[in-house]
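Take a look at the structure set out below.
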Amino acid sequence: MSWIQKILPRTQTSHKGNVPEGIWTKCGSCQAVLYKSELEKLQEVCPKCDHHMRITARRRIDAFLDDGDRVELGAEHEPQDVLKFKDSKRYKDRIVAAQKSTNEKDALVVMQGKLKGMPVVVACFEFAFMGGSMASVVGARFVAAVNACLENDMPLICFSASGGARMQEALMSLMQMAKTSAALAKMSKKGLPYISVLTDPTMGGVSASLAMLGDINVAEPKALIGFAGPRVIEQTVREKLPEGFQRSEFLVEKGAIDMIVDRRDMRDRLHSLLVKLHYKN
């Protein structure tokens with residue numbers, strides 16, 4: 001202890017209590033600091049600027065469907081490394097890592113349940129699983145969703161969030177574009193409604209197939225939607241793209257999608273759309 005510390009009076013310092021981790025989060029758009037618990041109640045939509053943050057597939061389904069009996073479809077389908085693919089890492093290892101981090105077997109979750117009492121099937125992409133990439137299991141589960149609708153005369157709603165086809169499955173991944181499109185043609189032939197909801201981001205092979213084949217194509221605000229990304233396009237055409245290019249507001253203005261719906265209003269709006277499509281069950 002120094003001589004100055006001996007002669008100066010001691011002051012009582014209050015110790016701040018430890019703040020538990022995971023209570024706060026920051027909006028990626030307006031940088032507002034938000035309570036995580038409040039944000040969860042708002043379905044991950046910022047109360048300050050209405051920025052739609054990414055949400056897990058199961059949380060989206062839980063918020064969208066009625067409480068009560070639900071049946072998961074296609075869960076028996078699990079990914080296989082048929083090609084023994086390896087880039088900087090083995091595909092098999094990437095699958096295991098993605099399964100551990102998301103607690104999902106693959107990038108699509110399909111659930112049969114009810115929307116305001118109306119029987120429906122909901123397919124929802126899990127973007128955290130390898131960028132929501134479409135591979136064999138995603139195609140198989142989507143077809144399982146369509147088959148359930150065909151067998152029970154139910155509408156299908158799909159929430160897309162994907163970077164496109166999964167590179168590690170090569171042509172088998174690309175084949176899912178044709179497979180899912182052919183399945184949806186059967187729904188159209190039978191007159192069953194299919195509503196596609198495009199969320200941030202919906203790109204590549206998913207946007208070029210099942211995501212744009214809805215009887216009504218809906219998007220969340222400011223969602224990035226397209227085939228190639230804006231940077232790739234700019235480098236290819238060597239021109240500056242218009243502001244907001246490939247965002248949902250730009251696309252609805254140009255007629256590429258039908259409407260933009262806030263996530264918090266999605267249940268009401270989609271139920272209303274199904275009623276207007278004269279769907280009855």
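Heads up, the Cβ atoms here are built off N, Cα and C, so glycines get one too.
Here is what Swiss-Prot records for this protein:
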type: DOMAIN; residues: 23-281; note: domain 'CoA carboxyltransferase N-terminal'
type: BINDING; residues: Cys27, Cys30, Cys46, Cys49; note: Zn(2+) binding site
type: ZN_FING; residues: 27-49; note: zinc finger
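Helix, strand and coil counts from DSSP across the zinc finger (27-49) read 6 helix, 4 strand, 13 coil.
With the fewest other Cβ atoms inside 10 Å of its Cβ, the least crowded of the binding-site residues Cys30, Cys46 in this structure is Cys30. Among the binding-site residues Cys27, Cys49, the residue whose Cβ has the fewest other Cβ atoms within 10 Å is Cys49. Compute the center of the Cβ atoms of Cys27, Cys30, Cys46, Cys49, which mark the site for Zn(2+); besides them, the chain residues with Cβ within 8 Å of that center are Gly28, Ser29, Gln31, Ala32, Leu34, Pro47, Lys48, Asp50, His51.
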